[in-house]
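Taken from TrEMBL as is:
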BINDING   Gly44  Na(+) 2 binding site
BINDING   Val47, Asn51, Ser285, Asn317, Leu382, Asp385  Na(+) 1 binding site
COMPBIAS  573-590  compositional bias 'Polar residues'
DISULFID  Cys150-Cys159  disulfide bond
REGION    571-598  region 'Disordered'
TRANSMEM  32-53  transmembrane segment
TRANSMEM  65-85  transmembrane segment
TRANSMEM  118-138  transmembrane segment
TRANSMEM  202-223  transmembrane segment
TRANSMEM  235-262  transmembrane segment
TRANSMEM  282-299  transmembrane segment
TRANSMEM  311-335  transmembrane segment
TRANSMEM  370-394  transmembrane segment
TRANSMEM  414-439  transmembrane segment
TRANSMEM  451-469  transmembrane segment
TRANSMEM  490-509  transmembrane segment
TRANSMEM  525-547  transmembrane segment
Amino acid sequence: MEGDFLKGNSLEVPAPDNRLAKKNQLLDRGQWANKLEFMLAVAGTLVGLGNLWRFPYLCYKNGGGAFLVPYVLFLLTCGIPMFLLETAMGQYTSQGCITCWRHFCPLFEGIGYATQVVIAYAAVSYIVIQAWAFFYLFSSFSAEIPWASCRNTWNTESCVEFDKTNVSSNWTANATTPATEFWERRVLGISQGIEEVGSLRWELALCLLLAWILCYFCVWKGVRSTGKVVYFTATFPYVMLVVLLARGLTLPGAIDGIAFYLYPDPTRLVDPQVWMDAGAQVLFSFGICQGSLTALGSYNQFNNNCYKDTFVLCLVNGLSSFVAGFAIFSVLGFMSHEQGVPISEVAASGPGLAFIAYPRAVAMMPFPQLWSICFFVMVILLGADTQFVSLECLMTSVTDMFPTVFRRAYRRELLLLCLCTVCFFLGLLLVTEGGLYFLQLFDHYVCSGNNLLLLSVCQSIAIGWIYGADRLYDNIEDMIGYRPWPLMKYCWLYVTPGVCLGTFIFSLVKYKPLKFNKTYTYPTWAYALGWCLGLFCVLLIPLWIIFKLTQMKGTISQNLMQLCRPENKKQNTENQPEQCPLNPDNTPTPAATEYKGSGGSEMEMQVACLSPPTPRSNPTFCMPLDSSV
C-alpha cells in the first residue's frame, strides 16, 4: 500500500523533448577528422583549373618561359609568406576570414569583406568552366567524338581534319580545326561582341545547374562532408595528368612546344602585364586574399604545424602548375607542327585553350571516348575542389558572424541552398552567346590583377606593421612550438607590400586595355564596368574604417587606437543567460570539463546551475555556453 501511495503521489517530471532540444541547440563548429583531410582540401583547391587552364594560358600569352621568371619571384616573396599568414590567422582564432580580423586588427576587418566579394565573383564565374566540361563529357558518349571530324552540322567549309599521312596538305590561311569549331560554334555559339549577349544556351544552363547540385551536396554538411569528398576529387586528377603528359610527349613536334615553354624571352620581362599576370596568378592560384586559406585553417587543431604545411602545399601547387604546362605545350608543339605555323599563332588565347588543345590530344589516343571521359571527369573534379572551398569559405564567414542563427539544425543547409540558387541565376549571364566576353572581363578585373595586389598590400601592412609581425610570430610559436624562419617576417614587413605595390604602380603606368582573343576591343562601358567591379572590392576597406569610426564615441585618434587593438578572445555575452551567483565568471568546472572530455561539445553545454550541494563538491556550478572563443 505504501509503495502504491508513494508511486501514485510521486512528483513526476516530464521528460525533455529531445527533438526540440536538438533543434534549438547550437551545433559544433566542426574540425577536420585528421590532418590528411586538411592537406587534401587545400591541395584540391590550389591544384585546380588554374593549373590546367589559367597557368598555361598565361604562359602562352606572356611569351612562354619568360613568364616563369616573375612567377617564381612572386612565389618566393609573396606566395609562401602570405600563405602562412592567412593559414595561421584562421588556425589561431578558429574563425573565418571576416571575424578573425577582430582578434588581430579590427580596423582592417574590411579586408575580410573584400576577400569574400572576390571569392563570390569567382564562385559565380569559374563554375561555368565545369559546365563546359560537363558538355564535353556528355558529348564523349558517342560513336565518334564530335570534335574529331568536320562531318557535323556546325562545321564550316574552312574546317580541315587531321591527316596522318600529310599533316599540312589541306591547310590554308583561313582553315580551322574541328576542335576549334566545336568549341566556338557548338558549345559557345559565340557572338561577335559583348554588346550581343544573345540567347541563353540551354544545354550549358542545364550543365551549370548540374554543377551547382554537385557542389551543394558535397558541401552541405560542412567539413564533415567536404573532408571525405576530397579523398577522391583531390587525387584522381593527378593520375590523368600524368597519363596526358606521357601521351603529349610522344607526339611529333612536342619538343618544340616544350622549348617554347621553357626558353624565356628576356624582352618580355619589361612588359608590366607579364609581371602583373605573374603576381595575380600566384595570389589567385594559392588562394591569397580570397579567404579560403583562413577558412580551411580555422578547422585545424590548434597545435597543427601550419608552418610545415605551407612549404609542402606550396611546393605541390608550384610543381603541379609546372607539369601541367608541359602537358599543354607538348600538345601546342604538335599543333604547330601539324599546321605549319609558329607556336605563338597555333591557338587562340583565352579560356578555351584547354578546351581546344587538350581535346585534340585526347582525340588522337587509342579508344578516344574512354580517354575523353577520363579527361573531362578530371576537369570537373579540379573545378569542383575549388568550388567546394569557395562555398565553404562563404558559409564559414556567415556562420561565424551569426553563430546563434545559423549553427542550428537544418539552417546551414537552407543558407547553402539559398546561396547556390542565387549564384546559379547570376551565372546564367555567362552561359549566353556573349557569356565568354563577360567571363574574361570578370577574370581580368575582379578575380585577378590589381585588386588582389592591393589587398595583399593592405593585408601585409595590417598584420606586419599594425598588429605586429613579432606578435604573429608569437602566435605561431604558441601553436607549433617554435618560431618560423625570420625571412617570413621581413617579407610581411617589406618585401611583399613593396613588390605588390611596385607591380601595381608599374601596371598602371603601362596600362593596356583588355582585348579578347588578342583582337576584339571591348567598348568603353565594358572597361568601366570591369574597373568598377574590381575597385569595389578594395574600396570596402576604407568604407569599413569610415563606418566604424562613425559608430564610435571619442576623437578620431582615440577610435583609431582602439580599432588597432585586438578584441579580447571571449564569448560575446549579449545573448547569454545570467551568471550563477557562486560562479560569476562562468569558468569551466570539473563537471563541465568531464562532460567535454567524454565527447560533449562546448557549444552544446548550456549554462545551468546544479543542486543540491554535496560536501565534496562545489555547491553550485555553471557550464559556460562557449569558452573556446
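Including glycine, each Cβ sits where the backbone N, Cα and C put it.
Quantities reported herein were computed from a predicted structural model and do not represent experimental measurements.
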Three-state secondary structure, Leu382 (Na(+) 1 binding site) (per DSSP): helix
Residues close to Na(+) 1 site centre defined by Val47, Asn51, Ser285, Asn317, Leu382, Asp385, Cβ within 8 Å: Ala43, Gly44, Thr45, Leu46, Gly48, Leu49, Gly50, Leu52, Ser320, Ser321, Thr386
Segment proximity, the transmembrane segment (118-138) to the transmembrane segment (414-439), 3 or more C-beta pairs under 8 Å: yes
Alpha-carbon spacing, Cys150 (disulfide bond) to Gly44 (Na(+) 2 binding site), which is rounded to whole Å: 37
Three-state secondary structure, which DSSP defines for Cys159 (disulfide bond): strand
Contact ranking winner - 65-85, 118-138, 282-299, 525-547 against the transmembrane segment (32-53), Cβ under 8 Å: 282-299
For Val47 (Na(+) 1 binding site), the number of other Cβ atoms found within 10 Å of its own Cβ: 27
Cβ-based contact of the transmembrane segment (525-547) with the transmembrane segment (451-469), 3 or more pairs under 8 Å: yes
Among 282-299, 311-335, 451-469, 490-509, stretch most in contact with the transmembrane segment (235-262) (C-beta, under 8 angstroms): 311-335
Other C-beta atoms that fall within 10 angstroms of the C-beta of Cys159 (disulfide bond): 20
Local backbone state of Asn317 (Na(+) 1 binding site), from DSSP in three classes: helix
Rounded Cα separation (Å) that holds between Asp385 (Na(+) 1 binding site) and Cys159 (disulfide bond): 36
Residue pair Asn317 (Na(+) 1 binding site), the residue listed as 'Na(+) 2 binding site' - Cα distance, angstrom, rounded: 9
Residue from Asn51, Cys159, Ser285, Leu382 whose C-alpha is spatially nearest that of Gly44 (Na(+) 2 binding site), among the recorded positions: Leu382
